Amino acid sequence: MITRAELLDMLASNAPQGFEAQALGLVPIVVETSGRGERSYDIYSRLLKERLVFMVGEVNDQTANLVVAQLLFLESENPDKDISLYINSPGGSVSAGMAIYDTMQFIKPDVSTLCMGLAASMGAFLLASGAKGKRFALPNSRVMIHQPLGGARGQASDIEIQAREILYLKERLNNLLAQHTGQDVERIARDTDRDNFMSSEDAKAYGLIDQVLLKRP
C-alpha cells in the first residue's frame, strides 16, 4: 500500500508546487513540542484553541453546522472569553446564515467579526452582526449588501407562497441590518435594492464594521 508521504512525493514531481495539498484536500499540520512529547494538530484545530473560527466560502447548511458547533464548543470551554469569526464569503443560504446569526446572539461570549477578502450578502450580514465595537475589516477587503434572492416554479399558488416568504425575509433582514448598523430601515431597503459594493472604509462609514485594521492591535 502506498504511504501518504509517497503519494505526496508523486504529486510533487508531476504537479505545480502546492497543488498536491489542494488536490487531496489536505490541511497543513502544526506540531507542538512540550515536556510530554509532540502533539500534532491540523491548522484549523490549532487556531480553534486560540478561539478563532473561520467562515470561508459559500454559506450553506454544512458551513453553518461547522460554525455553530465551534461557537457552542468555545462557549462551553470559556463563556467569558471573546470568540473571533474570520469571514471570507460570497454569501449563500439565508436559513443557514440565520442559524449562525442566532447562535452568535445566543451564546454568552462576544463574537468579534473580521472580513478578509470578501463579505457579501449573508457574509456581510454576519460581519455586521458581531459584537458592537468588535467588528473589523482588513484594508483591501470588500463588502457587498443586497436583498435576498430566490426563485420558484410550479402552480401559481405555490409561487405566491414563495414570494411572500422572500418578502418576509427581506423585511426581517432589513430590520436586523438597521439594528446593527444604526441606519434607518428605509435607507437599508434602498441601499440593498441592487448589489451594493463597499470598500472597508465605506463599510465603516455605513456602520457595517467599527474599524479598519492595518496591523494587529
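Cβ from N, Cα, C; glycine included.
Annotated features, as they stand in Swiss-Prot:
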ACT_SITE  SER121  active site, nucleophile
ACT_SITE  HIS146  active site
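HIS146 (active site) sits 6 Å from SER121 (active site, nucleophile), counting Cα to Cα.
Each of the active-site residues SER121, HIS146 was scored by the other Cβ atoms within 10 Å of its Cβ; the lowest score goes to HIS146.
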